[in-house]
């Protein structure tokens, strides 16, 4: 009784000054038009209320105890002899003031409940139970994780330090059951009764990406405690937390406006049968934020009934101001998705000086002795790929990272993708190509040789188009060293794929680093492919003279579809040339045999273009101070969230030693990495397990490396929301996927925007650690839902809006099945291509071998005799 009185006092809508009146308990009903309260009101006021209490018009909503105000009999009269009573102006003013007080009290109580929930989630002292449990993953293997049980939620961390968040389980939608097991310990299971997701998208501190663990199921979790006593304690604690889970709905649901019928969770048919309702989803809206700002915004998300237009407009303006003030916190501009990899902006960046100063270096006496020791082992023309270079010539970053220097001006490609003129597109592509060379280290430095299986990923945010360019690279071969990379920005309409084989040659006083390979730039909306090649790096003055690093060679940028080609020649400094003759470049743009323009200048400074028909040259490209300030900001993965073979984490100790000037320690750390690579190679050789890249595959026909998850389909603004990356996999978040995921979280919306039960689809993959959501998903139709109303069954389908009609749902399911079939066929074709060469060779060998005769073996003669005997027996029976 005390608890009921406390809850009634806590969620009451009436102002403290009003006193409830006695009503007949047989004539009570719940007010389902206001979410968050369960106050009881009389069904037929007038008889049980005070004699002088005026009855309210029907459009004013159900009467409340505080609205039954005493009015003198003279202040009301009959309306045209009917049974309805008219409310006097005095009573109407009193009702309006009382309703305002109720709404203000409602907001304060809801805000207080929200703060209590936020405090329970973030306060480390509010813990029901915390201990280590083994959790079974999707691959049937067990992982020991730290579980923290709070009211309504189960927080899972990687370690007891509560720093590496893995996921959050929402207990309000879960059932608990003991699970028999033949293994030691005590096993129990948390599951969703309708096989939907039990995970929250964000953590208690707003984390969008969890720590990397083995994949966990989306609709259930199987736990194992060390002993039966510990397991029983967890069962009791979980049952207690399940009783408290109703408080979590204040944070998980985004209630609609109370002025519209059916927006209350208690009033909706879906909530009455235990199923969540859907809501309209904005593309940039968080799917399930569990941070302070979003929970505070929930306190202002509900609106009471509208008395008049003026009050409605005022409340809407106040609500929008409160929402804006609390929703733009911890929000990166243009963040496309909340479930992708976490990226942080790189603050420091070394660009180097323009001109010859950054390409010349004087070697110290100590380093000269190391160089002489190394040169004694070399012969002219020798390949340097297997030679271990001293660490003082190393640039403190991997070669995979260095290949990303070409995308700091990827906004030029965004402009080229929407350019209608083919010649102008070629010039923009050429300008982007030149923008990747002026960033150079101070002095003559060589990046790290990537370890086999090493990966690097980063992205650049485009503020003009609110998009991101993602860069994924992997070392797919060690001998020869091959680096494969993929760049994608589907929203802006371009992607780049390619591979580079690094080769080096020693020529006595000089050496050259050759970048053998090509890259293919594709404009998705036009299906245009531009093939690009790379110059080589030439270092001279090793034995005598000044050590200088230059770029040389001829490169081409060619588009076969529109027949445009750009040719560039990087010129080495001549023997008697001055400072102006270094880094020279010349080239031309042609269309077939016709020369359209010629270029000249310096690749790290000004480049001029002279078009045919014009008598003067114009500035084509210059890395001026303004251009440098317009560089896109690179975002990389935080070090603690990187995998073991990601570049920055892999080489962190070598980089730290080089930055401190400790060459001895850098050499030791570098040797340890190389020795570990050799050990892994020996283990693979002993186990006869060939190396298989994680993100790229080799086309057996063209012998080119391709990204496994590349998507060349044009961007669809009506369906596609944002492109995101998770674990090196690039995917696209779509409207249907967001609407389905929000449906699982139980977000109620206005009645005319609420989707029916058949629209609730279960996602194929919904992992707590930020595993990417595929746009393809399997369907799941609950059977225990109430039927849709006529209002919900009519109308066209709008993503995130009204419910689709049965015909649209049937067509969507048919298209989904067709799409999945096409994907499976494509995967089978890729697998067939992969083994094509092996099959052809085995077929050739089989053709050369002599084919045995049909009746050369005794077994064949025996079978023939048995067959003839059976035939004779059958003929005898039939006669």
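Cβ from N, Cα, C; glycine included.
Cross-referencing 264, 747 with Swiss-Prot, the residue annotated as phosphoserine turns out to be 747. The predicted model assigns the coiled coil (93-123) a mean pLDDT of 78.
Its Cβ taken as reference, residue 449 (1,2-diacyl-sn-glycero-3-phospho-L-serine binding site) is surrounded by 21 other Cβ atoms within 10 Å in the chains shown. DSSP gives residue 504 (1,2-diacyl-sn-glycero-3-phospho-L-serine binding site) a strand state.
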